[in-house]
Amino acid sequence: MRQILVLLLFATLVYGLIRVPLKRQKSIRKTLKEKGKLSHIWTQQGIDMVQYTDSCSNDQAPSEPLINYMDVEYFGEISVGTPPQNFTVIFDTGSSNLWVPSVYCISQACAQHDRFQPQLSSTYESNGNNFSLQYGTGSLSGVIGIDAVTVEGILVQNQQFGESVSEPGSTFVDAEFDGILGLGYPSIAVGDCTPVFDNMIAQNLVELPMFSVYMSRNPNSAVGGELVFGGFDASRFSGQLNWVPVTNQGYWQIQLDNVQINGEVLFCSGGCQAIVDTGTSLITGPSSDIVQLQNIIGASAANGDYEVDCSVLNEMPTVTFTINGIGYQMTPQQYTLQDGGGVCSSGFQGLDIPPPAGPLWILGDVFIGQYYSVFDRGNNRVGLAPVVPYPPLKNGV
């Protein structure tokens, strides 16, 4: 009987899944670096590569550090309106709002991306409210609309979303994405908007109130991975999921036991907080810790980045994040990014998030690419397990 129940559960988790393909494309940082503009952008944004502080206080709108999106390479497709208007978005567990550029946006970034035209949608309604999101030293602002949103065949009715009419600076001009679809908790949503996934649950569009993320770190593969709504796919990981309780229902925040270098605890020795964030490509932590970590791995600041010689990766240490008693190892090949020409970028970035939200470590795509991640809203927990790398994919999925 127990085997039958396990098989039934597995069938539900696999065959009731809605799979959203993720494509992998060039990040903003890599594009700017190739153009020789990266250092200029840091200067323009007032960002110190050694120490970046998210200075948003309690009485300000929620802040999204601009550097979080500089290295994002994984994107998916959604549509808004009737008939559907298509957009490329970041599926971001570190925020909770959906926004896309508006046809009324006058910023340079909007002009080079797909823009939503409300007058062409028969199901569009105006909310009448404005919204604003902080990104680094600038803000993205616009109005809130209501319309149908489709994600890989899932039709979400009456979804509130932001229509941006102003986007900050020049950074988003080089972005491969049009907008962002937040998958965080409702408590961090701007404008009292109900997040897309919450509406999926409320409208009975998913089998289970959970979603999961698989990311390929193979630089030679155009296949980025997949976002799965309604459960998880056990063929994408090995072993058992380590279920970790969410400690604060805003971000997908969990307890981090410690951070080890070659088996020695050097950071977070008394335990600290971390978030699992698909909208942040790198692994970030308090700047004082990250400066020390960069020195240990031999990374040095150059060209607006932290770089290491790719030829010495085998001599660099292993970094381990201990979560719920289990060590999640990251080899040098896993925590660095190959830029070409024998140069690799460090996958670590300093980011000081002040109380009460911080301090926080952020386990971004560099980490998620090695560990399949399940986000369970029904039980408020995150599941982690080692990925089974691409290829192969089963049944052509």
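Note: Cβ is positioned from N, Cα and C throughout, glycine not excepted.
Annotated features in Swiss-Prot:
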{"type": "SIGNAL", "residues": "1-16", "note": "signal peptide"}
{"type": "DOMAIN", "residues": "74-385", "note": "domain 'Peptidase A1'"}
{"type": "CARBOHYD", "residues": "Asn86", "note": "N-linked glycosylation site"}
{"type": "ACT_SITE", "residues": "Asp92", "note": "active site"}
{"type": "DISULFID", "residues": "Cys105-Cys110", "note": "disulfide bond"}
{"type": "CARBOHYD", "residues": "Asn130", "note": "N-linked glycosylation site"}
{"type": "DISULFID", "residues": "Cys268-Cys272", "note": "disulfide bond"}
{"type": "ACT_SITE", "residues": "Asp277", "note": "active site"}
{"type": "DISULFID", "residues": "Cys310-Cys344", "note": "disulfide bond"}
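This view paints the features noted in Swiss-Prot onto the structure.
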| residue | record | DSSP class |
| --- | --- | --- |
| Asn86 | N-linked glycosylation site | strand |
| Asp92 | active site | strand |
| Cys105 | disulfide bond | coil |
| Cys110 | disulfide bond | helix |
| Asn130 | N-linked glycosylation site | strand |
| Cys268 | disulfide bond | coil |
| Asp277 | active site | coil |
| Cys310 | disulfide bond | helix |
| Cys344 | disulfide bond | strand |
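When the alpha carbons of Cys268 (disulfide bond) and Cys105 (disulfide bond) are compared, the span between them is 44 angstrom. Of the listed active-site residues Asp92, Asp277, the Cβ environment within 10 Å is emptiest of other Cβ atoms at Asp92. Ranking the recorded positions Asn86, Asn130, Cys272, Cys310, Cys344 by Cα distance from Cys110 (disulfide bond) puts Asn86 first. Taking the Cβ of Cys310 (disulfide bond) as reference, residues of its chain lying under 8 Å away and at least six apart in sequence are, in sequence order, Thr336, Gln338, Gly342, Val343, Cys344. Of Asn86, Asp92, Cys105, Asn130, all annotated as recorded positions, the residue with the shortest Cα distance to Cys272 (disulfide bond) is Asp92. Ranked by CA distance from Asp277 (active site), the recorded positions Asn86, Asp92, Cys105, Asn130 have Asp92 at the top as the closest. Using a 10 Å radius centred on the Cβ of Asn130 (N-linked glycosylation site) and all shown protein chains, the other Cβ atoms total 12.
Between the CA atoms of Asn130 (N-linked glycosylation site) and Cys105 (disulfide bond) there is a gap of 14 Å. Less than 8 angstroms from the CB of Cys105 (disulfide bond) sit Ala111, Arg115, Gly142, Ser164, Val165, Ser166, Glu167, each of them six or more residues away in the same chain. Counting other Cβ atoms within 10 Å of each Cβ, the lowest count among the disulfide-bonded residues Cys110, Cys268, Cys272 belongs to Cys272. Each residue contributes its Cα atom, and for Asn86 (N-linked glycosylation site) and Asp92 (active site) these two points are 18 Å apart. Across all of the domain 'Peptidase A1' (74-385), the predicted model scores a mean pLDDT of 93.
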